[in-house]
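Taken from Swiss-Prot as is:
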type: REGION; residues: 1-247; note: region 'Disordered'
type: COMPBIAS; residues: 45-101; note: compositional bias 'Low complexity'
type: COMPBIAS; residues: 109-125; note: compositional bias 'Basic and acidic residues'
type: COMPBIAS; residues: 149-165; note: compositional bias 'Low complexity'
type: COMPBIAS; residues: 173-201; note: compositional bias 'Low complexity'
type: DOMAIN; residues: 335-504; note: domain 'tr-type G'
type: BINDING; residues: 344-351, 390-394, 444-447; note: GTP binding site
type: REGION; residues: 344-351; note: region 'G1'
type: REGION; residues: 369-373; note: region 'G2'
type: REGION; residues: 390-393; note: region 'G3'
Amino acid sequence: MTEEKKFSGSNRPARKQAVPERKELPASQRRHAAKLADGTTPAQGGSRPSRPARPNNNNQNRPNNGGQSQNRNNQNRSNTSTGGQNRSNNGGNRNNRPGSRVAPAEGRPMIREKKNWSTKPREGQVDYSAKPDNSLKQYVNENEKKRQASAAAKHPKKPAAATKPAVKKETSATKPATASTTTGAGKFGGALASGNNSARNNSRKRNTNGTGQQTPRRNDRPRGSKKSRRIAAKHQPSTPATVRKEQPLPAVLEYRVGMNVQDLSKLLHRDTAEIIKKLFLLGIVTNQNQSLDEDTIEILAADYGIEAQAKEEEDVADIDRFFDDENIDESKLVSRPPVVTIMGHVDHGKTTLLDYLRNSHVTEGEAGGITQHIGAYQTRINDKLITFLDTPGHAAFTEMRARGANVTDLTILVVAADDGVMPQTIEAINHAKAAGTPIIVAVNKIDKPGANPDDVMNQLMAYDLVPEEYGGDTIFVKISAKFGQNVDELLEMILLQAEVLELKANPNMPARGSVIEARLDKGRGPVSTVLVQQGTMHVGDPIVVGNTYGRVRTMTNERGVELSEALPATPIQITGLNGVPQAGDRFIVMADEKTARAAGEERAKRAQEAVRNSGSVVTLDTLFNTMAEKAMKTVPVIVKADVQGSVEALSGSLKKIEVDGVRVDIIHTAVGAINESDVTLAEASGAIIIGFNVRPTPLAKSQSDSEKVDIRFYNVIYNAIDDVEAAMKGQLEPVYEEKVIGKVEVKELFKFSKVGTIAGAMVEEGKITKDSKVRVIRDNVVVFDGEVGSLQRGKDAVNEVKMGFEFGFTVAKFNDVHAGDVVEAYVMEEVKPK
């Protein structure tokens with residue numbers, strides 16, 4: 001039996017010293033050790049007594065030749081040598097660690113021990129193996145008490161959880177040392193070589209991190225790195241995915257011929273991919289946008305086990321059917337603001353009245369002080385909205401006034417007290433009566449000297465407008481729009497009349513209404529002023545307007561404020577159309593953009609066919625045939641303007657002009673700048689281009705100069721009408737035709753102080769005469785058109801120079817002839833009627 005070590009100050013058994021493996025010394029070290037054993041080393045010099053040799057653990061069970069025959073077995077015992085140093089492995093002596101260089105004692109060589117793995121804990125790690133057996137339990141209990149105290153402080157009402165008594169289990173550290181644990185066995189010997197490895201197991205106890213619960217072992221932890229586990233947890237759904245419930249198939253598939261897979265998927269409540277796959281299995285290859293015929297749709301329905309029934313084809317281009325009163329649900333009608341149209345003669349104060357109502361200044365910005373196109377405005381009076389339509393009073397705007405009367409609920413007839421009833425006043429009365437709208441007469445300018453409102457009332461009685469004070473039913477209000485006199489009374493009458501009419505609309509339906517004005521804006525494209533009559537319009541609605549279509553991109557009111565929706569009786573400006581509609585066209589919001597596109601394209605196609613069939617369209621062939629027939633004298637004119645209302649007004653006025661059988665033929669009208677196509681058409685037909693508030697593009701201007709196309713610009717319609725009428729009167733006079741008689745090229749210039757510059761030239765074609773007119777052309781551009789000043793050959797003045805001769809000449813009132821200029825000589829000959 002080996003000797004057991006006593007416990008020193010603790011219940012922990014002393015750690016056994018690791019005995020290194022025996023190692024054979026080299027020959028030189030063996031000889032040196034033998035000399036040390038004999039005590040005859042040179043270092044001693046015989047003066048110092050020999051020190052006992054240090055025990056060599058490598059030499060197990062071998063006697064020391066130095067005279068000390070102690071038995072050096074492998075038992076682990078503490079060193080009690082002088083100096084009080086604890087040389088056992090339990091101490092902290094650095095030189096006693098395995099693998100360190102041990103300072104040799106006298107009589108022993110320096111030997112590097114074989115490296116042994118240390119079981120000491122790392123820095124900052126708790127070494128539970130150095131504590132008593134119950135230290136771990138005590139440490140855990142202390143942490144449990146701290147946790148309970150912290151929980152009680154946070155939740156005072158909740159009693160702390162009772163601590164379960166720790167069950168004492170016998171571990172390898174508390175077992176008494178046995179022979180197997182005390183004897184040196186194995187490679188390392190001592191406790192490290194024992195089967196239980198109690199010291200090693202105690203040093204590897206898992207940390208509790210202060211929670212009283214041990215961290216899981218490596219085999220118990222989830223596999224994968226922290227990053228991979230975090231990514232997996234992120235993509236793992238927290239809740240199981242819900243399976244979408246498939247809607248049942250319809251009992252009967254009502255289809256239209258030409259529907260595609262995408263349309264059928266909405267009717268069948270199935271995905272397009274499923275339908276395409278089913279058709280492919282049936283031997284039909286298609287995609288979701290390809291139209292299907294009747295047989296294919298019926299085969300698909302039969303495969304699904306349902307019946308198929310073709311619906312009657314609807315005329316998508318017929319949008320007028322939506323404006324029937326039968327399509328309006330009366331149970332959903334609500335009150336709406338009245339739409340009031342202001343009519344009257346020129347300068348009777350219509351715009352001034354509206355300007356006073358909405359506190360703006362439109363009159364100052366209008367050309368000539370006359371309203372050129374319809375303006376739609378909405379104002380609030382006594383917490384009630386009133387929509388006003390301002391129609392110009394000139395006779396040229398008859399059609400615009402008629403459109404205003406068709407969309408209006410009330411008509412305000414403005415008559416000047418100092419001017420009385422005028423032709424346009426009578427025209428306004430007729431339009432209002434034709435539309436069936438009530439008329440309220442506003443006798444304006446009562447503040448002017450010489451105003452006679454009673455005379456105006458008497459004049460209007462001849463047109464069935466009898467005042468209430470005379471026993472009639474027409475409301476008369478005497479006002480002064482300039483100073484606002486009695487304007488409030490006029491507004492009260494408007495609201496009173498609106499209550500009598502019981503104006504209602506359904507805001508919960510697709511919007512529909514009429515176009516008040518349309519124009520082409522350079523930055524925003526087609527801009528249309530529309531009046532919503534039924535429903536509510538939203539931004540993004542697919543819309544059909546006249547013969548065009550689009551999607552509402554923006555909506556703004558009269559002040560330029562963007563709106564998200566527009567209720568009934570609201571005038572707005574919209575953008576997003578593909579073309580410029582006609583003023584007075586109807587619009588309607590469709591279910592989707594595809595339907596709107598189909599309806600707009602079909603309406604445009606039908607409109608072109610109607611014009612072609614009527615024979616009124618003007619092409620190059622029909623134009624030349626008409627001119628050749630000489631049925632009547634015509635003046636071809638092309639009209640371009642900034643807005644559609646001005647185009648129609650100017651065209652209508654020009655068509656009414658007729659002087660002794662000569663009339664104006666409007667061959668083309670459009671909105672926007674004058675372009676190259678207009679110039680080409682004018683050059684081919686010999687037409688005059690009239691631009692109203694527009695200018696030509698640079699290319700069109702260059703083309704018109706080279707092709708001698710006459711372009712006239714106006715900003716007041718009066719001037720355009722007067723000029724055309726004067727030209728038509730000149731047309732009735734004898735007709736002269738230009739005839740080019742010669743062509744001359746300038747070769748050289750001669751300058752004289754008294755005469756000026758004389759051009760030396762040669763006649764290339766024809767001849768030039770003293771009485772002929774000349775046209776100076778430079779780089780295909782006419783720089784001057786005038787008469788011949790002088791004509792000489794040598795020093796003699798001549799009246800004529802023929803082809804092939806050189807001569808000198810001057811141009812009257814023009815002294816800027818250059819070498820290389822081409823001069824055309826022509827005369828004006830009267831054309832005799834046939």
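Even glycines carry a Cβ here, placed using N, Cα and C.
Keep in mind it's a predicted model, so treat the numbers as computed, not measured.
Structure coloured by features recorded in Swiss-Prot.
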residue: GLY344; record: GTP binding site; DSSP class: strand
residue: LYS350; record: GTP binding site; DSSP class: helix
residue: ILE446; record: GTP binding site; DSSP class: coil
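For ILE446 (GTP binding site), the Cβ neighbour count at a 10 Å cut-off comes to 19, with all displayed protein chains included. The highest number of surrounding Cβ atoms within 10 Å, among the binding-site residues ASP347, LYS350, is found at LYS350.
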